[in-house]
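Quick notes on the structure that follows.
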Amino acid sequence: MTSFQFTKMHGLGNNYIYVNQMKEQLPEEKLSEIAIQVSSIYTGIGSDGMILICPSDVAPVKMRIFNNDGSEGKNCGNGLRCVAKYVYEHQIVTDTTFQIETLSGLVEATVHVQDDHVHLVTVDMGKPRFEKEAMPMLGEPASTTINEPLDFGTTTLNGTAVSMGNPHIVFYLEDIEKAPLDTLGPIIEKHDMFPEGVNVEFVEVVSETELHFRVWERGSGITQACGTGACAAAVSTIVNGQAKKETDMTVHLAGGDLIIRWKDNEHVLMTGPAETICDGTFYL
């Protein structure tokens, strides 16, 4: 029977199965299938997906993300924080600031260490993009969608489209508890206007420095947290004139809080926790 070692980790409840591909070398042709297997709460471990920690030619490590439906994602903020914690605590890297390769490009992570353990991680998530071609989204490639009415058949909502290396559409409401994740999340995620799908965020603005946030993730559904989504929500709030750059913005997610800062140099910084749940052996 084939088996591999794994570590289950979470960032604010957004939990993945982490596999060190430098040791395990799971076969490429079976990665999607394995991701579905390990993610199952009935016949697997139970998770939002699987993240591989791989060798890289351009950075100390490369991160690959597989959602619980087997699709491969391009970026994951909570996953990046957990990868940073893993590689530092397993002495794959020794510097406290280092780069991680993703399908969206290189990102820089800084681990905050206390008693030899990483308790917080700051990740430079890069520059947001707003053009439809960056999402991608149907329409004029160079045009943007900022607080524009979008027709989803059963309803029309004003949305702001932001790419943080993966696609996000942000909607605002007055009460986050009324966010229609179950009903509208799957409809919007797979709507024709988003050829590659989209992450769906609902946001309640409390103040210039505080947001409430809920998410329906592309390929995973409702999750406790989404780091790139929190970045998209903060950036969207600023471009919609409800907050300012160079301000620490606390984003309250279902699983806890992230601190987001959109800097004057256009880079978005995300700071939050990363936790190890357990280690184990998975039998295929």
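Just so you know, the numbers here start at 1 and follow the chain as drawn.
Backbone N, Cα and C define each Cβ position, glycine as well.
Taken from Swiss-Prot, the feature active site, proton donor applies to Cys76. Annotation note: Cys76 (active site, proton donor) sits in a coil segment as assigned by DSSP. Taking a C-beta cut-off of under 8 angstroms and a sequence separation of 6 or more, Cys76 (active site, proton donor) has the following same-chain neighbours: Asn14, Tyr16, Ile51, Met63, Ile65, Asn166, Cys226, Gly227, Thr228.
Under the heading active site, proton acceptor, Swiss-Prot lists Cys226, citing sequence analysis as support.
Feature annotation from Swiss-Prot assigns substrate binding site to Asn14, Asn67, Gly77, Asn78, Asn166, Asn199, Glu217, Arg218, Gly227, Thr228; the stated evidence is sequence analysis. Counting every protein chain shown, the Cβ of Glu217 (substrate binding site) has 28 other Cβ atoms within 10 Å. Secondary structure at Glu217 (substrate binding site), taken from DSSP and collapsed to helix, strand or coil, is strand.
Listed in sequence order, Gly11, Val123, Met125, Met164, Cys226, Gly227, Thr228, Gly229, Ala230, Cys231, Leu258, Met270, Gly272 are the same-chain residues at least 6 apart in sequence whose CB falls under 8 Å from the CB of Gly77 (substrate binding site).
Excluding Asn14, Asn67, Gly77, Asn78, Asn166, Asn199, Glu217, Arg218, Gly227, Thr228, which define the substrate site, the same chain contributes Gly73, Asn75, Cys76, Gly79, Val215, Ser220, Thr223, Cys226, Gly229 within 8 Å (Cβ to the Cβ centroid), listed in sequence order.
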